[in-house]
């Protein structure tokens with residue numbers, strides 16, 4: 001099968017993978033440690049079906065009022081007080097857990113999957129729906145750790161009226177790093193954040209500080 005990713009640029013620290021114009025549909029990605037995941041072989045995790053898009057409840061003949069452009073322009077979840085409406089997909093046995101601990105020289109709350117518990121599998125975290133509107137762009141970002149032989153990668157899928165696989169992130173160094181990308185959001189959207197683990201040993205995949213901000217990511221925002 002044809003890879004959905006086409007070109008890479010490499011340096012001594014990372015690989016940046018760019019999408020084809022046909023596959024992005026308005027997505028611009030610039031992030032470290034992006035790679036084309038293997039689609040076959042012993043390292044490939046099972047891939048459960050995605051739940052379908054949510055259809056809003058109809059209220060008589062009229063939808064509930066909402067402004068054309070949202071009044072709140074920034075959604076930010078640090079996981080310090082609660083999970084901000086993030087939830088695990090119910091039909092998947094292995095799950096992200098809200099953890100309060102010290103990891104990679106940083107303490108606090110974050111969402112994590114441990115390979116020794118999950119084994120060779122995928123865990124899928126679902127964000128709440130975030131608003132979009134005609135002509136809108138958003139900067140989406142999060143911090144992450146992928147460390148240990150049992151930790152493989154993070155993949156992100158956007159869902160509005162259809163599913164769109166955005167990127168795959170792999171690093172395997174015991175530190176917090178950043179991922180940010182621009183996304184065209186003409187309608188409400190939610191994200192599936194997937195942690196792929198293996199049975200090769202101990203490992204952890206963690207995410208923190210998820211953000212969704214209207215407007216494209218500024219150059220100063222990149223790590």
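Glycine residues also receive a Cβ, built from the backbone N, Cα and C atoms like all the rest.
As annotated by TrEMBL, domain 'MAM' applies to 75-219. Residues of the domain 'MAM' (75-219) grouped by DSSP class, helix first, strand second and coil last, total 5 helix, 87 strand, 53 coil.
Averaged across the domain 'MAM' (75-219), pLDDT for the predicted model comes to 93.
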